[in-house]
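> Here it is: the structure, laid out below.
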Amino acid sequence: MATVCAPQCSGRCFGRNPSECCHVECAGGCTGPKDTDCFACRNFNNSGSCVPQCPQTVIYNRLTYRMEPNPNAKYQYGSICVTQCPKNVVVDGSSCVSNCPSNKMEVEKNGVKTCEPCKGLCPKVCHGTSWTDSNSETVDARNIESFINCTKIQGSLNFLVTGIEGDAYNKVPPLDPEKLKIFNTVEEITGVYFLNIQSWPASMSDLSVFSNLQTIQGRKLYKSYALMVVKINSLTSLGLRSLQNINDGAVYIKGNKNLCYHDTVNWTRLLGSRPQKLKEKHVCHPLCSSDGCWGPGPDQCVTALQKMAVHHNATRLQLLQKPFRFYSPFFFCLQGANKCLVCASLKDGPHCVSMCPEGVMGQEGTIFKYPDKEGNCKPCHNNCIHLCTIYCCPCNHFSLASKILWYTWEFMVDSMTAKCPSPVAAKQAQIITPPPLCLTLGMRCLC
């Protein structure tokens, strides 16, 4: 016969008395009130104790206001807390997983495979076009979307007239110029052959869709060339502002009657191929170095005279690491969120943060903080559970007939208590069963 639990028990019990409730982390019953007396765990088993989560890899230090490594950390492996993940899985934060999520990549550190956040897009290798395959010899409307989010192209990238303007014989429509922006993510072209541009949309005056291209490997070449730009009358500048290396092969740029600035580039620095010329009336920005530029404006410098960041809408450049983050009087930006003169959002101790700590593990349990009127992160009262605000918070104590009830508290946080109201006080306060969030009533708080 099943035991009828006391109304104070939120789940199973091992007797009928109010003191004989199972621990909240138990599942399926228990033999006693402790988290080690459970038949099974609701969440995780940590060396015989049922816990809501395994000891986290980092914990919040109240003294330094920083997240620091936890020497007693464990990892979630199924429903068990383990000191290290098995070798056939990958460590992702505090968990053992079979594969990294889409925004992370697998990295091996000290013999341990971990998931690390990607800087920008995660590396993605894509195959380029092919001279031997008639269906993919050029970038066209049929295959353009296969290059979405590619960071490295293994092979050639050919832009031919049958791809840009379409091929009626093979029923290939013209390529939408907007879709060429897909190549904004490409950082490297490697493997075989080269970047070959023999046709380009008439509406586009540069190759800025490749503005993040840094390297052309040129391991196999076409007539010794790694980069070809031929007879594109719409081009006025190349716009390859990130290109720093052409590791093998030469550059062939010819028949582009409106093209400027390419003769200012120090090709010797990139590949050692040609002397410098300066085209009349088309000069690089004064802040560009003698290495030349890819087009007009300071953001098109091959290299700048001094290390700087450029805000594209600014008319004046400053010597700084980040735009509009000045450290007077030298305009250099100091590193670290604890070096700011004023925080952009909130402040936790000496550190500028985007949000106050919410539910992070500390040495003495879970940490919850709220921002005050000045934007400083303050710890929630001990009698609060989960989140809190400057006005009120859900209570961590008292129950009556197994229901969490509300009673009035004075506005000041320091007046919070863990005492249940008397029946008379409860009636006067018009206690009601609370919704999920607390409410404010004038200068008083219902919790």
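Don't overthink the numbers, they just go from 1 along the chain as shown.
Glycine is no exception: its Cβ is also placed from the backbone N, Cα and C atoms.
A TrEMBL annotation is a machine prediction, not a hand-curated record.
Pulled the feature table from TrEMBL, pasting it below:
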DOMAIN    3-127  domain 'Furin-like cysteine-rich'
DOMAIN    149-269  domain 'Receptor L-domain'
DOMAIN    335-389  domain 'Growth factor receptor'
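Each of the listed features needs to be described in terms of its position in the shown structure.
In terms of DSSP helix, strand and coil, the domain 'Furin-like cysteine-rich' (3-127) has 0 helix, 52 strand, 73 coil.
Summed and averaged per residue, pLDDT over the domain 'Receptor L-domain' (149-269) gives 88.
Sorting each residue of the domain 'Growth factor receptor' (335-389) by its DSSP state yields 0 helix, 23 strand, 32 coil.
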> For the domain 'Receptor L-domain' (149-269), give the DSSP counts of helix residues, strand residues and coil residues.
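Within the domain 'Receptor L-domain' (149-269) the tally stands at 22 helix, 31 strand, 68 coil.
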